[in-house]
Structure formats: structure tokens, C-alpha cells
Amino acid sequence: MGEAVLAGALAAGWPADRVVATTTSSDRGQARAEALRERYEVETTSDNAAAVKGASLVVLAVKPKDMAGLLEAISQGLADGVVVASIAAGLTAAWFEERLPAGTPVVRAMPNTPAQIGAGVTAIAPGAHATEEHLALVESALSGAGTVVRVAEKDIDAVTALSGSGPAYVFYVIDALTEAGVLLGLRRDVASTLATQTVLGSARLVAETGEHPVLLRERVTSPGGTTAAGLRALDDRGVRAAFLAAAQAAYDRARELR
Ligand SMILES: NC(=O)C1=CN([C@@H]2O[C@H](COP(=O)(O)OP(=O)(O)OC[C@H]3O[C@@H](n4cnc5c(N)ncnc54)[C@H](OP(=O)(O)O)[C@@H]3O)[C@@H](O)[C@H]2O)C=CC1
Ligand SMILES: O=C(O)[C@@H]1CCC=N1
């Protein structure tokens, strides 16, 4: 996810020669550093404390369990006026503020993996010391990865459950539709193309017409036709309730991560 944020910042016009990406010093981390240098022509290092010196924006993209150690390593070296943005699930702005020098502006961000192709959606929310100017800086870094929306921080766990985790639900649907096509005798590659383009086209239709999904669904559903039969099977199996339960479970899990 950190790489997607990096690619987005460069796409948004942040100059590569002013961006430093950090990795671990493990073999895997070093291989990743080499790949990042080749792909993006940015400086890389495994010295987080050195990387943050003089930075105006520090984006933290490690797993929640690794965040406390990372903050310990960088806190002393942060420049005055730096903005710290975190993309970690669960960890609140207050959690960061407790571990950073007093008054550090913190912005919480929740991107999603379509950011890799500039088609992500990211919600950002200010911590206690973050101003409009700080939010605008973070937004400018993330805007190359897709749409950016602003929310109150109390809503970030809900965002995590919906759009942060959401691509996985959609991939699950694409995979299930592909299997359904195979079950009905279609070749796997044909079924995969049909399932993928159906999800892509339907999402674009919602986004580009601005019409309500219920109305668009009704237009597909001819009286006494095939779609009505298919939708009844989804209702009979509680698929809508399953999506609500999935979002609730993801939300609850985000709150357990702190
Ligand atoms: N995946 C997703 O869809 C989304 C993830 N997030 C959040 O993004 C964060 C990262 O998740 P994700 O990308 O999936 O996880 P990954 O494990 O894929 O990425 C984390 C990366 O951080 C590196 N790392 C760990 N410690 C350090 C360190 N001290 N210095 C530099 N690099 C370090 C790891 O290196 P190594 O492998 O060498 O240990 C790894 O490459 C999480 O907090 C998650 O909640 C947010 C939105 C969406
Ligand atoms: O699964 C996770 O914890 C992360 C956060 C949002 C998407 N992936």
C-alpha cells in the first residue's frame, strides 16, 4: 500500500528527487528498495530516523503492530512543522499524538488498493493539531492515487470497513461470478472477462450517470425474467445481510487493532 501512495504522490507531481522511501534492512526490504529505485527513481534507505530529517510530510505505511517501534525511531528527528500522515487501519490520531512530539499535526488516511492504478479512493481526517493547510498537503500527495474525500476522524473505521477492505469484497464477487460462469459451462477465461467487465461497467454506470443503484437494478430486471429469478436467489441466501455483516466485522476488527 505504501508503494501505491508513493506512486500516487509522484503522479500528482511531487518531485521524485524530493521523495525518500524507506524499507526494512532484510533481504526482502533491500529487494523492494531496489525495485522502488528502478521504478520511481526515488532515494531509498532503511534508516527511518535519517529519512524524516527535514521532511515536510511523513507518510507512515507499516502494519499497525509495527507502528509503535517506528514512531520511537523517528520521533526525535522530526522537523518542526512536519505533518505526519498514517494509513494504518485502527490506530487513531490520538494514538499517534501521544507518541509524537507535542503539537505534531497528524492526518489519518485510509486508501485502498486500486490506488495502484490511480483508481483508488482515500478518506482523510484531521487529528487534533491538523489544520486545513495540513489536510491540503496530504490531499495533494494522495490525489494522484485517485479520489480523496474528507471525513471526520470518528468515521475512519467505517471507511476502513467499506472502501479500505472493500476491494477484497469486490474481488470475491468477481471470483464467485467467474465460478458461476464455469459451472454453467463457459470457458474460464471467457467467464473471467464477463465477470470483470460486468463489475467494471456497472460501477462506471453508477459513477457516470449518478443514478441510484436501485433504479439501475430495476432497469436490468424484466418482469418475469431472468434477473428477477437471480435476485430472488441472492435474497433467499441473505447476500445483502452478509455484506452488512462483513462491514460490521471489519469495523469491529479495526477497533481491536489499537
Ligand atoms: N493492504 C491494503 O489494502 C490497505 C492497507 N492499509 C494499511 O497500510 C499498512 C500497510 O499494509 P500493507 O501494505 O497491506 O502491508 P505490507 O506488509 O504489504 O506492507 C508493509 C511494509 O512495511 C515494511 N516495513 C515494516 N517495518 C518497516 C520499517 N520499520 N521501516 C520501513 N518499512 C517497514 C514491510 O517490510 P517487510 O516486508 O520487509 O517487513 C512491508 O513492505 C497497514 O497499516 C494497513 O492497515 C490501508 C489501506 C488499505
Ligand atoms: O486488512 C487490513 O487490515 C487492511 C486495512 C484496509 C485494507 N486492508
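In case you wondered, yes, glycine gets a Cβ from its N, Cα and C as well.
The model shown is predicted, which means the values in this text are computed figures rather than measured ones.
Per TrEMBL, these features apply:
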DOMAIN    1-90  domain 'Pyrroline-5-carboxylate reductase catalytic N-terminal'
BINDING   T24, A61, V62, K63, P64  NADP(+) binding site
BINDING   N48  NADPH binding site
DOMAIN    153-257  domain 'Pyrroline-5-carboxylate reductase dimerisation'
Note = CB neighbours within 10 A of V62 (NADP(+) binding site), counting all protein chains shown, number 18
Remark   = Counting across all protein chains, other CB atoms within 10 angstroms of the CB of T24 (NADP(+) binding site) number 14
Message = Validating a neighbour-count step here. Other CB atoms within 10 A of the CB of P64 (NADP(+) binding site): how many?
response = 16
Max pairwise CA distance, angstrom, over record-listed NADP(+) binders T24, A61, V62, K63, P64 = 15
Key: Alpha-carbon distance [N48 (NADPH binding site); V62 (NADP(+) binding site)] in Å   = 12
Key: C-alpha spacing of N48 (NADPH binding site) relative to K63 (NADP(+) binding site), in angstrom   = 15
Request  = Please determine which of the binding-site residues listed here (N48, A61, K63) has the lowest count of neighbouring CB atoms within 10 Å.
outcome  = K63
